[in-house]
Amino acid sequence: MAPRIRVLAALDQARTQYYHFKAIVIAGMGLFTDSYDLFCISPVMKIFGRVYYAPSGSVDGSGSGPGVTPPAVVSATVGVALLGAVAGNVVFGALGDRVGRRRVYGACLLLMVCSSVGSGLSVCRTRRCALASLCFFRFLLGVGVGGDYPLSATIMSEFANRRTRGAFIAAVFSMQGFGILVSSAVTMAVAAAFDHYTGYPAPLDTPECADLAWRIILMAGAVPAALTYYWRMSMPETARYTALVERDVEKATNDIGRVLADLDLAAVAEEEVAAAALSPPPVTTPPPPRPSYGLFSRRFVRQHGRDLFACAAAWFLLDIPYYSSTLFQSQIYRPWFPPAAKVNAFQEAFNVAKFQAVIAVASTIPGYFAAMLLIERAGRRRLQMAGFLLMAVFLFALAGPYDGYWRDHAKTAGYIVLYSLTFFSANLGPNTTTFILPAELFPARFRSTCHGLSGAAGKLGALVGSIGFLWASQQKDGAAAGHLPGIGMMYALFVLGGICLLGLALTYAFTPETMTRSLEENESSVQAQSQVGDGGSDAGNGSDGLRFHELNVLMEAATKSTVSMASSHLSMSPILPHRMSL
C-alpha cells in the first residue's frame, strides 16, 4: 500500500510545470463558456425584442418605441439555463466519481458546444417557436456548463501540488472573466458589422438580418470550447482517482509520469526498498477493505456533512446577490447611453456589451487576479469572509441613499465605483473560494459528487437572485410591465447586503481552512476525528484512512523486531520519520 501514498506525495511536491498551465486552459474553457453565455444574453435579448416584438409606446409618451422582450421572457431564458446547471452539477458530478473524471469530461464539453450552436440555430423564425427552441437548447447548455463545474475543479485540484493548488483552481475559475470580455467583444464586433453593412438604419427600423445577428453571437461561444476538445480527450485520468478509487497504483504512476516529467519517481523506488528492509519478510498485511459507507449514510453525514453544508450554503448565499448584481447593470448603464428609442437594434446591443466590457476590465478580472495572488497567503476561509463583508458594505452604501440620492445621480463616478467594487469583492472572495473549497474538502471517491451538490445549491441561489430580484426591485407604485409591484430598489439592495452578512457568519461558524494541506491530509484529519469519537472502529477503512493503515503496518513491523534492529533502521531510513510526521 505504500506506493500509493508515495506517488501522491510526489505529486504534492512536484514543481509547477507546463502541463499545469495547459490544464488551466483546458479546465477553464467550461467556465469561459458559462460566463460567455450568461453575459451575452442581455444584448441578445435587446436584438430579439426588436425582431420578434411589435413596437410599443415609448417611456416618455412621445410616440412609439422599439420592440422590447418582456421581463418574463428574459427571466425564462435565464432561468432555464440555471435549472439545467442544477441538473448538470448533480448528474455529471456523480458520474465523475462513478466512472471517472476523464470519461465524462469530453462528453460535457461536447454537450456545451452542440447546445451553443443549437441556441443560435433555434430551428425556426416564428416568435413562439424561436423562444421554445432557444429555451430548450439553453437548458441543455446549462446542463453542460453545470457539469463542467465539479469536473474542472476536481481535475485541477488533483493535478496540482499543494503549495499552488488554490491559485491554480482560482486561475481556472478566472476564465469566467475572460469569457465576459470575449462575449462583449464578439457582441460589439457583430453589432458594429451589421450596423455598418445595413447602412446604419433608423432607430425604429430593424432590418431582417438582425435575426441573424443574435444567432451568430450565441453560436460564437462554441468556438473556444470546441478548440479544446482534443486536449480534453487526450488528458489522462487523475492519479488520485486512479490510485484511490480504481486502486490501480501502477497505472496512476505511469499516467502522471507521462504529463508531469519532473516527478521524483526514483525517490519513490528508494522508499520502497527501504520499507521492505524495515519490515521482516514473514510479516504480511492485507490491504484495507474497500470503503463500505455511501453518500447518504450516517457515517458520511458524521464525517463530511458539516463541510458539505458549509460549501453548499455559502455558494447558495453568494449567488443570490451576485446574480442579482448582474441584473442590476441595466439600472447602472441606462443613464450613460441614449434611450432605446433613439438608437437602432445594433447600437443598443453594442452599448450594453460595451458597458459589460468596462465592468469586466475595471472590477471583475482584477478581482479574479487578486484572489489568485492572495489565496495561498490569506487562506480560503479568511478570503471568503472578507469578500462577504466587503460585498455587504458596498451594497449597503448603494442601498442607503438610493432613493434620496443615487436614483437621480446615477451618472456620478461614485455610483459606478461602488457597483464595480461589489463585483471585485465577490470575485476576490466567495465567488472564487466557493469553487475551490468543495474540491479540497472531500475524499477522492466523493469529491466530484460533493462539488456538484455544492454547485447545484449555488445555481439554485442564482435562480432565486435572478428571478426574485426582477420582482423585488420593482417599485410598489410603478412596476414595469409584466411584473407585480415589488419592495423597491433600495430595500432590495438592503436584503442583498443582509444575505452577504449571513454568508459571513456561516463561513465563520462552519468553513474549515485547507491552505497548503494535501488532499489526503484533509481526508485523514476527518478520519482521525471520527476514530476518536468512535473508539477507533473505523480505522483502516478505505482510502480515507490510508496513511493511518500504513503507519500501523510500520509500527507492527518495528515492534516485532529487536530494539537494536529498530533503532538502526530508524537511523538509516528517511521513511519512518516522514510517515510519522504525516
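Glycine too: its Cβ is placed from the backbone N, Cα and C atoms.
Because TrEMBL annotations are produced automatically, they should be read as predictions rather than curated entries.
Here TrEMBL gives transmembrane segment for one range in the set 10-31, 98-119, 450-471: that range is 450-471. When Cβ distances are compared across the two stretches, the transmembrane segment (308-328) makes contact with the transmembrane segment (412-429), since 3 or more pairs at least 6 residues apart fall below 8 angstroms. Counting same-chain residues at least six beyond the ends of the transmembrane segment (355-375), those with a Cβ under 8 angstroms from any Cβ of the stretch are 39, 42-43, 166-167, 170-171, 173-174, 176-178, 180-181, 183-185, 188, 329, 332-333, 336-337, 383, 419-421, 423-429, 431-433, 436, 515.
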